[in-house]
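These notes concern the structure reproduced below.
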């Protein structure tokens, strides 16, 4: 009897424990179901919002932006603004000349497939850059009357800036200068910059013949594999050394010549552009020489095996001046030059340059010209920072329009370069991922083709995160190098904001809603540019106004702002 009661109690305890476990599992499942339903509803809402937004944009394009989908006004089957294609099957071109391809793609040939004994890579193949004849976003948008009205409003704002400067110069300074003093100060020693620029182009042209010599000697040594390998490795070391020397000389000349900011920026940016173009040419053509490019009828000597294929010098020279950093033997070309269009773009460059001079005289110099001499507390510092927010936003937007739209479209029109997608609709981005991809397509394409893809394929073996971080670090270092040597100071604010804060925002904003994400993007861009320009202006004027001694190299690492007020 006692044993039966004991067994019954054990069964009851076991049943109670099982019931507790079932209740626990039921609660977990209910919580999981609730979370899944909430997540599903949120995702469904976002998807419905995206579909409705796409439908509204399609309807808007069909009625207002009729010419937006295609440069010729017809609806294109392919996305005109798509920048890359996964493993495009492009046939070998009939000629390696810089030819006219007004209605089609113009892309280089692919390297041959691996031999039968070789293993094919298992990781996902990254898409390649494609060139298509198309207009820039703003060129297409400004064909709409509503957008042209906004464009006219900015013209009037520029005229108001001009009148403000004229009246201020006349009534306060007693003369009308129109910002020419800023031009004279910023463009000093420009003739030296022009001389260095010519010598750099001689160096860049010599690189072509050095590459041709490497290819010819390597071809002659094909029967001696060890000598061929030694020759290629020696040339690789000389090539890397020459690029480092090229970068060092251009940077050191800014310090040796004592170039002002504008002249130094011209030299450093042109040197960086040529450095990127040289690497793109070598990186694109070296694998073709190593693998053996398909021979063409026009290249009879190469077809007979007497010499390896090297692109003709006219393709290389055209590429040096073309508004792209990606090398191809052929690019899409327009049928003629629109001289009125080119003149308008050049006048926009001049107008924005004068606007920059006005902003420097009436805002930057006014706010920070006496920095280091006047007293400075937290309240004065905050007022100066927020006083520069709107002028910094104008500098940011006008810098985009000046370089990426006006100047690149001007050079593209003169060279009849067909692919004008120098940027995308970055202003609609709601994540920093999309902003970095769409803001400067020219530089982004180069970083993607020659840094990200090589890091992803050869260095980090398929790690997207590591490859992306490498791209950000290299880009941040180059930005800081240009600003640091142009201003002749060590003040790594750009590196911190771009390489640290910018990278963090990429990952933090990936799940941001569209409206809030876009609002935060613009808020952070305006705030960040205001802080960036203000801090560099403070450091620049602090070095000029404060009598600082530099007894050791560590004194150059301490900000002048800190040494002035401490």
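Note that Cβ sites are derived from N, Cα and C of the backbone, with glycine treated the same way.
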*Among ranges 342-359, 360-377, 414-431, whichever one TrEMBL labels transmembrane segment*: 342-359
*Among 465-483, 541-559, indicate the range for which TrEMBL gives the feature transmembrane segment.*
465-483
_With a cut-off of 8 Å between Cβ atoms, can you find at least three pairs linking the transmembrane segment (381-404) to the transmembrane segment (465-483)? Only pairs 6 or more residues apart in sequence count._
no
*Spatial neighbours of the transmembrane segment (257-276) far in sequence, C-beta under 8 Å, 6+ residues away*: 185-190, 192-193, 196-197, 200-201, 204, 243, 246-247, 250-251, 320, 325, 446, 478, 481-482, 485-488
*Can you say which of 150-171, 191-210, 465-483 has the most Cβ pairs under 8 Å with the transmembrane segment (342-359)?*
150-171
*Would you kindly list the residues that approach the transmembrane segment (465-483) from elsewhere in its chain, counting only those six or more residues past its ends and only Cβ-Cβ distances under 8 Å?*
251, 265, 268-269, 272, 443, 447-448, 451-452, 455-456, 459, 492, 494-495, 498-499, 502-503, 536
